[in-house]
Amino acid sequence: MDQQSLKEKTANGLFWGGLSTGIQQLLSLVFGIFLARILTADDYGVVGMLTIISLIATSLQEGGFVAALVNKKEVNHKDYNAVFWFSMLAGLFLYVVLFFCAPLIATFYHAPELVSLAHLSFLCLPISALGIASRAFLFRNLKVKEISITSVSALIISGIAGVIFACNGMSYWGIAIQNIIFIFLITLFTCYFSHWHPTLSINFKPLREMISFSYKLLVTGIFMTINNNLFAVLLGK
């Protein structure tokens, strides 16, 4: 019975995963065409300068613990709670650090406008941290349908918002706000569908059992991020 249930969940997951990927690609193409007619390459370039920093910071705040939770043989509330508080504290810490480093980033790129833009864009870190443990819960329980609905819904709403911002001449500010809306909705829907809630009993001991697995993913993820975005950094400079 359990094996049959697993097969059904796997088949259902493949269906919803494939459907979600197709819809997201189509929506990204449609919104991309609309925005490309309104925004300039410079608008995307300004936001893109902060992308690699955001991606590395996101990897650090996740710490590889999402995959560790998914692959752990037995998981309980303490495990999810430990990951939640680690991600939350890491996200807040990274935001504060990057907030004060914004002038240095702007100087590196010779783009003064990046100071205020960085202060806004990096808000994605503490916002996304709220949903990291819940996302692991959905993945572990093969809730692919819920994950798909979350991604598609967030993309539709944030995409429409992005078009509206662009039409109102908000340029790169519109792109940054669109990204924040997307992250906020992903976090909101993920927490809603997971039905998991953190508690104030903070205990990081469960992380010790996962760190031998998670740190490998963290290091690999950071190297891949740098490798995939290094050209954009050099081009932006």
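Glycine residues also receive a Cβ, built from the backbone N, Cα and C atoms like all the rest.
The transmembrane segment feature in TrEMBL is assigned to 12-38 (among others).
According to TrEMBL, the transmembrane segment annotation covers 44-70 (among others). Within the same chain, residues 79-80, 83, 86-87, 90-91, 94, 98, 105, 109, 111, 113-114, 117-118, 121-122, 124-125, 128-129, 132-133, 135-137, 139-140, 172, 175-176, 179, 207, 210-211, 213-218, 221-222, 225-226, 229-230, 232-233, 236 sit at least 6 positions outside the transmembrane segment (44-70) and bring their C-beta atoms closer than 8 Å to a C-beta of that stretch.
Sequence annotations record features per position, and here TrEMBL assigns transmembrane segment to 82-105 (among others).
With a cut-off of 8 Å between Cβ atoms, the residues of this chain six or more beyond the transmembrane segment (117-138) that come close are 46-47, 50, 53-54, 57-58, 61-62, 65-66, 69-70, 80-81, 83-84, 87-88, 90-92, 94-95, 98-99, 102, 105-106, 146-147, 172-173, 176-177, 179-180, 183-184, 186-188, 190-191, 193-194, 196, 198. Residues or ranges marked as transmembrane segment in TrEMBL: 117-138 (among others).
Look at TrEMBL and you will find 147-166 (among others) tagged as transmembrane segment.
The transmembrane segment feature in TrEMBL is assigned to 172-193 (among others).
The transmembrane segment annotation in TrEMBL covers 213-235 (among others).
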Stretch among 12-38, 82-105, 172-193 sharing the most Cβ pairs under 8 Å with the transmembrane segment (147-166): 172-193
Long-range environment of the transmembrane segment (172-193) - Cβ separation under 8 angstroms, sequence gap at least 6: 39, 42-44, 46-47, 113, 117, 120-121, 123-124, 127-128, 130-131, 134-135, 138, 143, 146-147, 149-151, 153-155, 157-159, 161-162, 165-166
